[in-house]
Amino acid sequence: MRQTAALAERISRLSHALEHGLYERQHAIRLCLLAALSGESVFLLGPPGIAKSMIARRLKFAFRHANAFEYLMTRFSTPEEVFGPLSIQALKDEGRYQRLTAGYLPEAEIVFLDEIWKAGPAILNTLLTAINERRFRNGNSEDTIPMRLLVAASNELPEADGGLEALYDRMLIRLWLDRVQEKQNFRALLVNNSSERDNPVPPALSVSDEEYQQWQKDIEHIALPEAGFELIYTLRQQLDALEQAPYISDRRWKKALRLLQASAFFCGRDTITPVDIILLKDCLWHDQSTLTLIEHQLELLITEHAYQQKSLLFRLQQVNTKRQQYQREQSELQAFSVEKQGHFLGRKFHYALPDTIDTETLELVLQRPLILHDIEVNHLIIDKNALQGWLQKGGEIRGKLNGIGFTQRLDLLVDDRQHLAIRDISLQSSILSLPEKRDIALPAEITDEYEKLNMQLREQRRLFSQHQPCLFVPSEWLAKIEASLQQVAEQIQQSEQQD
């Protein structure tokens, strides 16, 4: 545990060093670092002049011994400019078709290719093999290439019918970048005189070749718990149900899982957590519209299912239903009842007030509020004699709504259990009771259910706290989870405190 915590601290410090002097690029640097540490590819989408190339150059400094290669593609770019020129001597003396790869992509650990979609088929096909297999065919031999990170950039997406989908699908992380927005960051950008060639990473933080190779093996041992799989599968089902959702290949899901494993590993954990799954927002989108869609679906996932928020609210609803049923039963026992008497002037029955009523006016409380005469009413004030007359003879009965203002016409009735009730304009009724009978103590069975919900919520909050910090997930996404858990807590508290 101490080793994993130390690694997480080291990677955090390494990331902060790489971020120095780059403004509003924290998330991009961190995800590019994660991609480099796990051997993945990144696509940066955005207008020219927003530090896309500088991000790639910075990542070279994350490694103790790393060569970098960068190239700006045009329609006229040739394979020789990317993969190295042909050896004239080998061709002349031995008849071998061999490239001189020193200083070119086949011998670079960090690769940056700008305006990637302008490259021709010869370059793109060779590049596809390099990404897939990390191998480069050079004449009669096939060599392993050391590429740890490919950063491809463009200010546009690949054309739908341009034959570029296979390469685009290999770029696991996709990031949209824009110009610096905040005033202070823009000022700092203008006055910053540091050189792009300066290495901001202390030697003790940079990654050795041996460490990198060992970490690739360690990442494979990070477990996907059943709960984590269920979250990923739920997201997949959510997306499959949407017509406008992008096509996501099984290969992309598989590669995305390894990225989640790497996130957990470099944050000092041995299993994938719901926090790591947030990274899927940068792996599954295809264009601007699906970026918004993926983020929305992922937000629903983490705020409803990641820490059992929806399940807790559903169970709270069940407890509240049970509580309401109990309160209805108790209210009926405590309802204001009248006494049935015989026939009177052609009416089948008439009623009388109980002899225990000795006040001139009655305050009667509604079992549940109703909208009467456009206001929400919780209780009534009715003249005793007027009520007695209505019980005897029927007709109109009036009372003060909530005990204030002029008297208003009331639609009272006596139900078949001889309880006095009131109806609204839609004929929804509420039983009336005397105020001293209003409070109904809840049985232990129901209060225990509320306590269980509180305990389960505390456990989910403990897990959420345990799953942090996560270097590669923006704080605003963690805040969404915290807000959803707080909402659950507030709803439980409101339910416990309601009358």
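The backbone N, Cα and C atoms fix where each Cβ goes, glycine too.
These figures come from a predicted structure and were not determined experimentally.
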Listed co-binder of ADP (same site as Tyr23, Gly49, Ile50, Ala51, Lys52, Ser53, Met54, source Swiss-Prot) among Glu196, Glu210, Glu211: Glu196
Recorded ADP site residues Tyr23, Gly49, Ile50, Ala51, Lys52, Ser53, Met54, Glu196, farthest C-alpha pair in Å: 14
Gly49 (ADP binding site) - helix vs strand vs coil (DSSP): coil
Residue among binding-site residues Ile50, Ala51, Met54 with least C-beta crowding, 10 angstrom cut-off: Met54
Residues near Lys52 (ADP binding site) in space but at least six apart in sequence (CB under 8 A): Leu44, Gly46, Phe112, Asp114, Val151, Ala153, Leu177
Neighbours of Tyr23, Gly49, Ile50, Ala51, Lys52, Ser53, Met54, Glu196 excl. site residues, C-beta within 8 Å of centre, ADP: Leu22, Arg25, Ile55
